[in-house]
Amino acid sequence: MKSPAPSRPQKMALIPACIFLCFAALSVQAEETPVTPQPPDILLGPLFNDVQNAKLFPDQKTFADAMPNSDPLMILADYRMQQNQSGFDLRHFVNVNFTLPKEGEKYVPPEGQSLREHIDGLWPVLTRSTENTEKWDSLLPLPEPYVVPGGRFREVYYWDSYFTMLGLAESGHWDKVADMVANFAHEIDTYGHIPNGNRSYYLSRSQPPFFALMVELLAQHEGDAALKQYLPQMQKEYAYWMDGVENLQAGQQEKRVVKLQDGTLLNRYWDDRDTPRPESWVEDIATAKSNPNRPATEIYRDLRSAAASGWDFSSRWMDNPQQLNTLRTTSIVPVDLNSLMFKMEKILARASKAAGDNAMANQYETLANARQKGIEKYLWNDQQGWYADYDLKSHKVRNQLTAAALFPLYVNAAAKDRANKMATATKTHLLQPGGLNTTSVKSGQQWDAPNGWAPLQWVATEGLQNYGQKEVAMDISWHFLTNVQHTYDREKKLVEKYDVSTTGTGGGGGEYPLQDGFGWTNGVTLKMLDLICPKEQPCDNVPATRPTVKSATTQPSTKEAQPTP
């Protein structure tokens, strides 16, 4: 049912007002904002294109991460002079003028370690800093050490980090949690948002917005002081996601904001650039060329925006699951993103109240309530009985069930009866022997069946627990942990994703080989171990038999997590 006409303008006016207040509060920092670093494809122009197209390296990310040894303009000038000379060797030119990223030493864990001991031993192995960042490096400097995912991912990633931080907190490493929150706050202050990762070529997009949840996690240890300290950065990130809303008319979209015909405001994923991704240059060009019926720039934008979603790639964004060139991320309103935006608004309300600004707290509560109504109206498929994404082209909720449907439960935005239906749908369609399936579609893309990802296992587990669905939550945790344990027993490592159709097998598909390490798997595994085992009898390995719900911890524990006065 539509809202009464007189109240709508008043509600919508709150959002621009909030955004302007957020910017006003932070305007003192504007003069300190440095010039945005340019990505390597812009700095190096035709040289970058030629190197990537020559496929000098098996992974396109290698040259994107390479550091110029001198001014890129001088290197480019030298290249233009030399490239047509007889005997010119492109690989030699690259080796002379660039420092390539070093391959990390393969970590060999000590013999006889339990799963918990292995993870605790990995935190220092995965910790990095940017103390030695050079002027032309694509790596963006950060003030504090940080934990990377592992493998080819040599930098910090936005949404990965939240699930890594859950594990750091579980291990009692609150200093590392605080460092990572400080780093992300620094990025917001410096660039106006948190980029996909701390690389210049990631600056044109963000990722699922977990910063407010990171601050909330830190507040478990530091109390409301953390909420008050990082309120300005949370406000500034919210302004980034809502940028352009004040000029939107009904039925329009601007960057990351969507205004539906009835005035409902929701968000979508978006990348400010519409060119091939430097880290996947050749692959993106090939994808665009394979569909001549669409402008290449449109495909590039949708590829980049899918990377912003964290789900790169998935049938979720595609008209034809077998053809990546049919993806249209920017015309889809994602249920997980809008759940996170709801949670951001709720945490902003809490932080504003802690800071003594009740008027602002009430504004954020109003925004959260309006978004919750939008989620229930547009992102619920009543015919199927599950949450789903909204299609801006068909003006209908989509039919596909994905693990993203659990996000409204995770942030407590779901109606009770709908949460119960989600539990049934999850158990019927997504639960597999090795954990929760990402989707039920086999497309060959990594964010589809049969792959299961640690963050989605945790979101589902927590979300179902929030609504009393503890048996299904235990099933997910137990099946996924068994998969992790079996893989660890055989290979002595934790990996980025798992094949959930069985147990003990890493996942496949996507643009690169399976990566090990792995930050968010480590974090979620620790949280789940402490969830399924009683507090008085913590387990260091996954029990051989499924624990009963009564014997398990009723709420996830976090070491030393009591708020400090």
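Every residue gets a Cβ built from N, Cα and C, even glycine.
Annotated signal peptide per Swiss-Prot: 1-30, in sequence order, evidence recorded as sequence analysis.
Long-range Cβ contacts of PRO278 (substrate binding site) within its own chain (separation 6+, distance under 8 Å): PRO39, PRO40, ASP41, PHE48, GLN52, GLN60, ALA64, TYR201. Under the heading substrate binding site, Swiss-Prot lists ARG152, TRP159, ASP160, ASN196, ARG205, SER206, GLN207, ARG277, PRO278, GLU279, GLY310, GLU511, citing sequence analysis as support.
Annotation source Swiss-Prot lists active site, proton donor/acceptor at ASP312 (among others), citing sequence analysis. In the three-state DSSP reading, ASP312 (active site, proton donor/acceptor) counts as coil.
According to DSSP, GLU496 (active site, proton donor/acceptor) is assigned to coil rather than to any helix or strand. The feature active site, proton donor/acceptor is assigned by Swiss-Prot to GLU496 (among others), with sequence analysis given as support.
For 538-565, the entry in Swiss-Prot reads region 'Disordered'.
Residues annotated as compositional bias 'Polar residues' in Swiss-Prot: 548-565.
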Inter-residue Cα distance where the pair is GLU496 (active site, proton donor/acceptor) and ARG205 (substrate binding site), in Å: 22
GLY310 (substrate binding site), number of other Cβ atoms within 10 Å: 23
Lowest local Cβ density (other Cβ within 10 Å) among binding-site residues: ARG152, ARG205: ARG152
Distance [Cα-Cα, Å, rounded] between ASP160 (substrate binding site) and GLU496 (active site, proton donor/acceptor): 10
Integer Cα-Cα distance in angstrom, GLN207 (substrate binding site) to ASP312 (active site, proton donor/acceptor): 11
